[in-house]
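Student: Sharing the record's features from TrEMBL:
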TRANSMEM  107-126  transmembrane segment
TRANSMEM  138-156  transmembrane segment
TRANSMEM  168-189  transmembrane segment
TRANSMEM  201-222  transmembrane segment
TRANSMEM  242-261  transmembrane segment
TRANSMEM  365-386  transmembrane segment
TRANSMEM  398-418  transmembrane segment
TRANSMEM  685-707  transmembrane segment
TRANSMEM  714-732  transmembrane segment
Amino acid sequence: MLILAQNIEPVQEIYYVITQYSFDYFRDYTEKRDRPIIVGHTDDEVSKTRKSSDDEESQEKKLKYPYSVFFIIGNEFCERFCFYGMRSILTLYLVKILLFSQTDATVTYHAFTMMVYFFPLIGGIISDSYLGKFRTIFYVSIIYAAGSIILSTASIQHLHLPMTEFSIIGLCLIAVGTGGIKPCVSAFGGDQFVLPQQAKLLAMFFSVFYFSINAGSLLSTFLTPILREDVQCFGKTSCFPLAFGVPGILMIVSVVIFGLGRPLYTVKKPEGNIVLKVMKCIGNALKTKANSKEKKEHWLDHSSKKYGQLFVEDVKATLNVLVLYTPLPMFWALYDQQGTAWTFQAVRMDGDIGFYTILPDQFQVVNPLLIMAFIPIFQYGIYPAFGKIGLFKSPLERMTWGGFLAAVAFAVSAFVSMKIEATDPIMPSEGYTQIRFYNPLPCEVRILEMSPYNIKELNDTIPRMGYVEIRDLKLKNIDGDTVEIKYAAKCVQDDQTLQTTLSVKSKDTLLVYFNNDGLNYTEDDVTKDDDAGSPFLRTLTNISPGEEVFSISFLSDAHDLTTINNTDIDRLKMSNGKYQVLISNNLSNDTTNSTSPSKEINNLQDSLEINLRLGGVYTLMLEVNENNQIVDSKLITVTEPNTISMLWLLPQYFIITAAEILFSITGLEFSYSQAPVSMKSVLSAAFLLTDSVGNLFVVIIEAIQIFDKASSEFFLYTGLMVIDMLLFWFLASRYRYVDFEENDKKFKLDEDNITSPQYEIGLDNPVFNKNEET
């Protein structure tokens, strides 16, 4: 349907296809069923064009169907699979493999997205002015594929490449690649049809084209996280190389498919880029005004001599709409955080829904699913129903409500985060410390004295496999203190009274444990893994390092083996699930604190089963005898695992998707309907460039790090969005919609031009062409 103007490119994304290329959607939007689509003409003018409709249908039957479009559709499916699959796991790759902090990962993700939505402007100019659509798509697809392979290769730690640097290079190449494909591929598909004779076939093509976009997006967003999580490779419990590699292979297939169709394509020569011309017109007006004393009614009129008054009037109308675009980036600042802030939110939640465990990065698939469901619901249900009570009648009103809904979505996410933060471990405040006592010995430990403090929780003894937690020990000296502990145990040095001095500081967390040598202590980290949500496990045994060193192995249900020795008491990041705990003297893959697929384990003495859940922090106490057999054990849950269901994210996803329908799709409709025919590509480019600016806002806010808690940050974005929409509402209330029928009368369009098939579906603007000739 609306591929209409030759210059409608360069910037487009999936929603551009929804609003401007869906034949049925536009047919309902114009409310003129079975009528040729004409932009900017009156009903009388339209009626003249219908006389030739029978001839056009007969001509359509004679023309061959352009089978070359199937190569284009295959290319688009593979490219969208690659992009959305890569992006769905990018955030967790940054924090799990490259060890970025949440802030750094968020900045990197949004900087990448910012480039993705900026480079289409460059790609469109190159395509329209220099290379043409085919060569632009083909060349940048090769760059795109190279970036995908570099990213996949960089994630293989065994190659010892500079992982961070290579990953950034790969992302930059992908951003450049998608910048060349986005503005060209759908228009190139439209070039394969003869218009207006094949207008119906063109509409069918865009329906299939849109389906390929959604199919690639949905499949990759669902499958790629599974490849990441459920496959182990290169000694890791996850497999990012495969998760990046499969989309990369699909991108190579995309290049091959697109190249094979070359003999069948209709390839048009570059005809110049309207965005570039508008920029030159504005530059010329500013330069002429600065060098001239002549006064004009409008400053743009200074460029009328070079570009023609009619073209200048089009630029004026465009600038009036662009003023409304100034508040739009904030919407995208919120919307695009589904891949960062909301993914980190999902990391701290429980994805177990009984029959399936939802992965944090997999939850993003909800948005495209809801989009496909919501479009007909809004078009045929919401809009007509609310229209009866005077709501949602104009595009700007819909966009305003969409912006406010985005604010509501982030307010909901803030309350969900508050619930999540309530499950965080209680940390000591200023002037307090925490001490946790563990006793993996085969006997109880008697606490004879703890000077200068009297701690009732110890109750004189710590039983066998006992655990005592002191959360709020108030220090007598806020700058630091010492605690002398006298204790005795029948199984330690013949029940002699032993003494140890602990050094404690304000806000410290200490771990105290007993083994055959006596009391030991170290700093204790009980915080959750906010970046990846993985459980942590610390192992304590009664055997002291001076007595004997042996291996402790954890064999998962997925046959992944993690091995440490009894001298290692640091907490270990694990994958969630069930493990068999194994004690051995000799492991065929003799490693310390390593993770690798289990091959052959010799001389296993005993085993037990433990279950680690996402977000939990655990301490495993083992009593091991002289034969390296596990006599007794106890798994202590120090910090509770994730307990809030991931399904609580659904309300905010429902609301943000409804906001997207009202704001984004309506915004593209508004951009198209309020643009002069020659300026439609300019407003489409400007509308989608607001996405790039919105991601820049996120980069700046995250770099400042105003808040520590996610809930506070979500409330910040909520407030900014409300203020932003109030500004938009003020600007919208002052905007006057353009009546292009009156505009046509004003410029006295030639009737012969109107009835000519060349203009029947708005392919060319006669005003624009006449100015080009002059």
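A Cβ is built for glycine as well, from the same backbone N, Cα and C atoms used for every other residue.
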Student: Does the transmembrane segment (365-386) come close to the transmembrane segment (201-222), meaning at least 3 CB pairs under 8 Å for residues 6 or more apart?
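Tutor: Yes; at least 3 Cβ pairs under 8 Å.
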Student: Other than its close neighbours in sequence, what residues sit by the transmembrane segment (365-386), given a CB gap under 8 Å and a spacing of at least six beyond its ends?
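Tutor: Contacts with the transmembrane segment (365-386): 18, 25, 28, 214, 217-218, 221-222, 338, 392, 649-650, 653-654, 656-658, 660-662, 665.
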Student: For the transmembrane segment (107-126), which stretch among 168-189, 242-261, 398-418, 685-707 has the most Cβ pairs under 8 A?
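Tutor: Ranked by Cβ pairs under 8 Å, first place goes to 168-189.
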Student: Applying the under-8 angstroms CB criterion, which one of 138-156, 168-189, 398-418, 685-707 scores highest with the transmembrane segment (242-261)?
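Tutor: Checked against 138-156, 168-189, 398-418, 685-707; highest Cβ contact count belongs to 138-156.
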